[in-house]
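*Asks:* Pasting the feature list from Swiss-Prot:
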type    : residues                                       : note
BINDING : GLY199, VAL200, GLY201, LYS202, THR203         : phosphate binding site
BINDING : GLY199, VAL200, GLY201, LYS202, THR203, VAL204 : ADP binding site
BINDING : GLY199, GLY201, LYS202, THR203, VAL204, ARG229 : ATP binding site
BINDING : THR203                                         : Mg(2+) 1 binding site
BINDING : GLU228                                         : Mg(2+) 2 binding site
Amino acid sequence: MLGAVGRCCTGALQALRPGVTPLKALNGAPAALFSRRDYVAPAAAAAAASGRIVAVIGAVVDVQFDEDLPPILNALEVAGRDTRLVLEVAQHLGENTVRTIAMDGTEGLVRGQKVLDTGAPIRIPVGPETLGRIMNVIGEPIDERGPITTKQTAPIHAEAPEFTDMSVEQEILVTGIKVVDLLAPYAKGGKIGLFGGAGVGKTVLIMELINNVAKAHGGYSVFAGVGERTREGNDLYHEMIESGVINLKDTTSKVALVYGQMNEPPGARARVALTGLTVAEYFRDQEGQDVLLFIDNIFRFTQAGSEVSALLGRIPSAVGYQPTLATDMGTMQERITTTKKGSITSVQAIYVPADDLTDPAPATTFAHLDATTVLSRAIAELGIYPAVDPLDSTSRIMDPNIVGSEHYDVARGVQKILQDYKSLQDIIAILGMDELSEEDKLTVARARKIQRFLSQPFQVAEVFTGHLGKLVPLKDTIKGFKAILGGEYDALPEQAFYMVGPIEEVVQKAEKLAEEHS
């Protein structure tokens, strides 16, 4: 849409003033408006317009220029500092002053300090050289392994692909996690959201998906750590080195990491998701790859935007969020898509404040997703992990024409029996199991077995649980649940279904339990 507006404006301006070039005419417009993604070789900085700092308000810095006011989204650099401080233009205030967002701490800045316009948005290194490396929001390496020297750089702001470039093929992405593959399967090239409150297992689930999908995938992956714990980022990096996904000795690494963790200023947290996305877009557009993009956590992207929004002087919207919440989210999510050249399959963890899915931040994200995996505190309290809510999680590709009629029928059968059990829980709580009919007793028994069979030991959580991690093929998952629904395992105790892989392990566990009791 913006691209179309930009092109219309350019045409109109040329018609009105033939002597003026489109670039000159749109000089005050956002950089993304008149530039499709351009990949260029890193160039030496040309002579740039300079300004001076006139105000510093937390992460927001006002800069005054005598001439050549930089357009919106341009990157400015503070001169005379040991570490590079990048400011991104957010508003034009009048009187040749721009309001900018700092990408790093503003400690030590003083009024009157010189600032240089780089003449372009924030540009980061892209290409195969980024694999195996960790970079920050402005593309600087933070893994203490020297500079990232790439042949090309790209701006972090760009338009979404045209409708005509998009691909509409639909195929299931098998994760090896029973509850996900059966009830809310993920689409290749789709957008997947993991919703959950604090401490219900979003990051563990995303780590398991990285372990199962990224390793088996064989293509490239990008992980963007947005405002989450530094410890988790560090653990992930070292796990990837140990498992061989990152190879420090040669160039066979399969993953690029982009971090802007909890301790970063809001400017960095609000932009680091775009940096990670830009790295993924290069592999999709230039190398025709099928890329996996993991983002942990999208809520922190919104939260950082909210922190900055108040400092920029915008009037807050519902629940104190920025008034541009839907625009910010849409601008980023529309770029995560599958084109005819390649695909980006994104898995995004989304924190749910106070377990309220109607909060504007998670509610705005729902509209953009192909599959939603909702993690429930009530299920986590039962000790069932992953704590996926089988009745709340949805998928656009849960369609018999895509997944097949057997898969569809088994999934709907599982959901029906769990819903029936949920309806009976009030009666059980008041009157007890003895007051139920024989049919209802059977429903409850099977539902409790299914509930436990939806649990699964994770490879990334082996050290915590003591259970060996399991990866279950889709056909085994369907076979197992179909057999439980059909009553083939009614005789087995429900604890035999807890924390196992395929259905064969249930039988083995039941035999083991019987031996222990005897």
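Including glycine, each Cβ sits where the backbone N, Cα and C put it.
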*Asks:* Counting all other Cβ atoms within 10 Å across every protein chain shown, which of the binding-site residues LYS202, ARG229 scores highest?
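*Replies:* Counting every other Cβ within 10 Å of each candidate, the maximum falls on LYS202.
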*Asks:* Mind computing the max CA-CA distance among GLY199, GLY201, LYS202, THR203, VAL204, ARG229, which the record assigns to ATP binding, rounded to whole Å?
*Replies:* 14
*Asks:* Name them in sequence order: residues not among GLY199, VAL200, GLY201, LYS202, THR203 whose Cβ is within 8 Å of the mean position of the Cβ atoms defining the phosphate site.
*Replies:* GLY196, GLY197, ALA198, VAL204, LEU205, LEU375, ALA387
*Asks:* What is the Cβ neighbour count of VAL200 (phosphate binding site) at a 10 Å cut-off, with all protein chains included?
*Replies:* 26
*Asks:* Within 10 Å of the Cβ of VAL204 (ADP binding site), how many other Cβ atoms are there?
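*Replies:* VAL204 (ADP binding site) is surrounded by 18 other Cβ atoms within 10 Å.
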*Asks:* Check ARG229 (ATP binding site) against DSSP and tell me helix, strand or coil, would you?
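*Replies:* Its secondary structure by DSSP: coil.
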*Asks:* Please determine which of the binding-site residues listed here (GLY201, GLU228) has the lowest count of neighbouring CB atoms within 10 Å.
*Replies:* GLY201
*Asks:* Please report the DSSP secondary structure of GLY201 (phosphate binding site), reduced to three states.
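*Replies:* SS state of GLY201 (phosphate binding site) = coil.
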*Asks:* Of GLY199, THR203, the binding-site residues given in the record, which has the fewest other CB atoms within 10 A of its CB?
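*Replies:* Sparsest of the binding-site residues GLY199, THR203 by Cβ contacts within 10 Å: GLY199.
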*Asks:* How many Å separate the Cα atoms of the residue listed as 'Mg(2+) 2 binding site' and GLY201 (phosphate binding site)?
*Replies:* 14
*Asks:* What's the CA to CA span in angstrom from GLY201 (phosphate binding site) over to ARG229 (ATP binding site)?
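*Replies:* A Cα-Cα distance of 14 Å.
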